[in-house]
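Participant: Mind having a look at this structure? Questions to follow.
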Amino acid sequence: MTEMTGSRLRGSLTALVTPFRDGAFDEAAFRKFVRWQIEQGSHGLVPTGTTGESPTLTHSEHDRVVEACIDEAGGRVPVVAGAGSNSTAEAVERAQHAERAGADAVLVVTPYYNKPTQAGLYAHFKAVNDAVGIPIIIYNIPPRSVIDMSVETMARLFELKNIAGVKDATAKIDRVSQQRQAMGDSFIQLSGEDATALGYNAHGGHGCISVVANVAPRLCADLQEATLAGDYAKALTLQDRLFPLQTGLFAEANPAPVKYALSRLGHMTDELRLPLVPVTEPTKRIVDDALRHAGLLVD
């Protein structure tokens, strides 16, 4: 990893949704959304992750979403392409495609469902490391993958050339300090939990791969900039403004509430792919109230 690339993977990186229309990837809406994200101050973009409904994208759709994001971003902000799979061979293929397309880095989730041991996790990420020449961000998300990568395994992986950091969705705030003490400040630590992102940075984190930033990119960027500058009074004010979104957008399975919010703001339809379905009326009311609280929706 070059020092320049590492220094750019900071702040608010949006875990982008993938818009659909009539069952197909809506590339026009996606490109417009990418432009808006950059205009609103997002520090980076992360397509084809969990929020981007990657499990229900075909391989060709997955690749096209990554290509469109990189093309539209045009180097203005870094693009960290989701490239995870519980098949090591597929993770390698997606990571290699992302590198060919011009991604700045890839985000690789810990393999889900098949529950590898720590030795298996190491072998999986080493295989991806050996197959590409761009930075790799480990995505550690035990609530979805069932397994939890240990700090010791992560430290071993950091010795490899391309392992650059972690998206930490463990919800264990003490992990930030443990990982920082084990690997040093050059190991990029990005929160995967919007509601705890302020505290995450206080422990030495470098930013957040944010779901809420889909809806409130400027506010999320301002929050991250305040924490990284040590202005926690300003950060707390922004946190209070964002907090109802940080909870309301997870009232049902992500990204259903996010897509509803974006449909209310006029960015795209709320269309999802099965087995995800549109949110219920009670959740719509929760999201609407959160949008109003943040000053994003005026009736």
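The backbone N, Cα and C atoms fix where each Cβ goes, and this holds for glycine too.
Sharing the features that Swiss-Prot gives for it:
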SITE      T50  site 'Part of a proton relay during catalysis'
BINDING   T51, I209  pyruvate binding site
SITE      Y113  site 'Part of a proton relay during catalysis'
ACT_SITE  Y139  active site, proton donor/acceptor
ACT_SITE  K167  active site, schiff-base intermediate with substrate
Participant: Which number gives the other C-beta atoms within 10 angstroms of the C-beta of K167 (active site, schiff-base intermediate with substrate), all protein chains shown included?
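Facilitator: Result for K167 (active site, schiff-base intermediate with substrate): 26 neighbouring Cβ atoms inside 10 Å.
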Participant: About how far apart, in whole Å, are the alpha carbons (Cα) of T50 (site 'Part of a proton relay during catalysis') and the residue listed as 'active site, proton donor/acceptor'?
Facilitator: 10
Participant: Would you say which of the recorded positions Y113, Y139 has the most Cβ atoms within 10 Å of its own Cβ?
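Facilitator: Output for this query is Y139.
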Participant: According to DSSP, folded down to helix, strand and coil, what is Y113 (site 'Part of a proton relay during catalysis')?
Facilitator: coil
Participant: Have a look at the recorded positions Y113, Y139, I209 and say which one has the shortest Cα distance to the residue listed as 'active site, schiff-base intermediate with substrate'.
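Facilitator: Checking each of Y113, Y139, I209 against the residue listed as 'active site, schiff-base intermediate with substrate', the shortest Cα distance is to Y139.
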Participant: Report, as a single number, how many Cβ atoms besides its own are within 10 Å of the Cβ of T50 (site 'Part of a proton relay during catalysis').
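Facilitator: If we count other Cβ atoms within 10 Å of T50 (site 'Part of a proton relay during catalysis'), we arrive at 23.
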Participant: Using a Cβ cut-off under 8 Å and a sequence separation of 6 or more, which residues in the same chain sit near I209 (pyruvate binding site)?
Facilitator: L13, T14, A15, V46, G49, V80, L107, K167, L190, S191, G192
Participant: Rounded to an integer, what is the Cα-Cα distance in Å between Y113 (site 'Part of a proton relay during catalysis') and T51 (pyruvate binding site)?
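Facilitator: Distance between the two Cα atoms comes out at 18 Å.
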Participant: Please state whether DSSP places T51 (pyruvate binding site) in a helix, a strand or coil.
Facilitator: coil
Participant: Within the chain of T51 (pyruvate binding site), which residues six or more apart in sequence place their C-beta under 8 angstroms from its C-beta?
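Facilitator: The list for T51 (pyruvate binding site) reads A15, L16, V17, V211, N214, N254, P255, V258, given in order along the sequence.
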